[in-house]
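Marked as FAD binding site by TrEMBL: 289, 290, 291, 292, 293, 294, 295, 296, 387, 388, 389. Among the features that TrEMBL reports, domain 'Photolyase/cryptochrome alpha/beta' is placed at 3-132. Per TrEMBL, the feature site 'Electron transfer via tryptophanyl radical' maps to 320, 374, 397.
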């Protein structure tokens with residue numbers, strides 16, 4: 001019997017550690033590697049030009065690697081449920097393979113494709129390779145529920161079997177006698193499209209700070225590992241003006257698109273640790289950063305409402321303001337706070353910002369200053385951030401807005417003091433907000449306080465050339481802390497300061513007076529609300545280190561990194 005196979009690329013855009021592709025090739029006569037430009041991703045998702053460029057570069061690199069193996073990538077536009085029945089018939093397919101997708105909508109899509117394959121008599125091969133562990137086994141160990149604290153997650157991980165070693169890379173030897181049928185018009189029919197072909201205006205588009213693809217990912221990994229002293233003693237890196245800029249060893253977008261295998265990264269680090277004999281334990285080691293990614297994947301896998309507040313069983317239902325004007329100013333870097341605006345400008349231009357910069361702008365939008373829902377900020381990150389991952393992005397926004405996972409709402413980032421402490425000279429501000437370049441360091445973080453003569457000397461009058469602050473930070477943050485305090489106090493009335501799983505829907509008082517609609521605050525599942533009063537410099541649970549930094553009127557909260565940068 002002739003075995004004709006399709007490997008369906010989604011994430012996992014690589015030839016190294018691709019067990020489903022390797023399994024699919026075994027014993028096959030022909031293989032076609034397919035990527036579907038799925039409207040589920042392209043249409044319904046809000047994806048910006050930098051993310052599209054990164055994806056297309058990943059596909060171009062993958063196609064180039066396949067060419068070296070006398071194969072090609074077949075890029076096809078359409079819905080998978082429409083595309084596959086046609087391909088099964090046209091190519092006489094007998095086997096389909098793909099990488100397991102743990103996200104709820106991905107599982108729903110794959111179930112539909114598996115059904116179509118079964119009806120067509122096509123065998124389906126699925127392997128796990130986007131995560132370190134089988135998430136279902138973690139959940140099974142936890143009694144059928146996703147762990148919702150990092151401490152509990154670590155406990156479960158310690159009981160899991162060892163991480164599987166990466167699969168052998170796809171080489172000519174692995175492919176053997178398996179061939180790819182190609183036509184002379186392959187590029188015309190199945191080539192990787194350009195940004196222009198997808199309808200993007202590329203005039204004025206700057207060169208990519210983060211080039212996409214497996215080749216770049218593996219090069220960066222080697223650079224990363226060359227820094228042996230840093231890796232061997234890895235702890236949360238201190239933030240400074242240089243760390244605010246994109247690093248040639250940054251890996252997060254490559255892990256998100258699967259250009260780099262998390263298992264390869266894990267085992268390369270393990271080998272390095274053994275060589276230098278300086279093991280460092282999670283969560284401050286680089287292992288810890290990989291496990292944070294795994295934690296959010298596990299929390300999200302069985303929760304299709306994970307990226308929503310309403311109907312999300314683990315999310316506190318907070319009465320956020322609907323303020324499109326404030327949201328637009330934040331997203332476009334027009335808040336009047338140079339630190340916030342520089343971060344959002346870098347994000348829009350380059351598709352990446354430092355993890356603590358993410359914390360600062362997320363706090364500012366939500367519980368810190370603007371009281372706008374974390375869902376709105378998450379959507380902006382989904383559009384602009386190269387490494388925006390459905391599970392990690394939503395989980396991080398719930399965390400930083402104190403809507404789930406983390407409840408130290410009384411700490412917030414000062415949009416003046418935190419930046420000043422990080423980069424006292426203001427070089428980062430000058431790089432991304434050249435209109436403020438002429439201000440001395442003394443005023444560059446709060447230029448509205450500069451005397452008129454200083455503003456004129458800097459050729460930037462606040463309110464004319466650069467906006468005035470859109471809020472009074474001290475007043476807004478005090479008000480919002482009080483709002484959060486009253487929300488959590490009302491929640492605690494029903495279940496003390498412990499589990500809130502059985503809390504019934506109630507009509508509660510709005511923190512600013514008046515009634516809220518019934519069931520506005522819903523159950524939190526297994527989330528534990530921690531003590532609402534924390535002594536200075538105390539460590540929170542789940543191994544998240546809190547450091548008190550005196551700036552402005554409030555303490556600044558620094559969290560351990562939840563991403564790989």
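Cβ atoms are placed via backbone N, Cα and C, with glycine included.
Distribution of TrEMBL features across the structure.
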residue	record	Cβ within 10 Å
289	FAD binding site	25
291	FAD binding site	20
293	FAD binding site	23
295	FAD binding site	29
320	site 'Electron transfer via tryptophanyl radical'	20
374	site 'Electron transfer via tryptophanyl radical'	26
387	FAD binding site	23
389	FAD binding site	25
397	site 'Electron transfer via tryptophanyl radical'	24
Residue pair residue 320 (site 'Electron transfer via tryptophanyl radical'), residue 389 (FAD binding site) - Cα distance, angstrom, rounded:
24
When the domain 'Photolyase/cryptochrome alpha/beta' (3-132) is classified with DSSP, how many of its residues are helical, how many are strand and how many are coil?
57 helix, 29 strand, 44 coil
Structural state of residue 387 (FAD binding site), classified by DSSP into three states:
coil
Could you give the Cα-Cα distance between residue 387 (FAD binding site) and residue 374 (site 'Electron transfer via tryptophanyl radical'), in whole Å?
18
Can you work out the mean pLDDT of the predicted model over the domain 'Photolyase/cryptochrome alpha/beta' (3-132)?
95
Between residue 389 (FAD binding site) and residue 374 (site 'Electron transfer via tryptophanyl radical'), what is the CA-CA distance rounded to a whole number of Å?
15
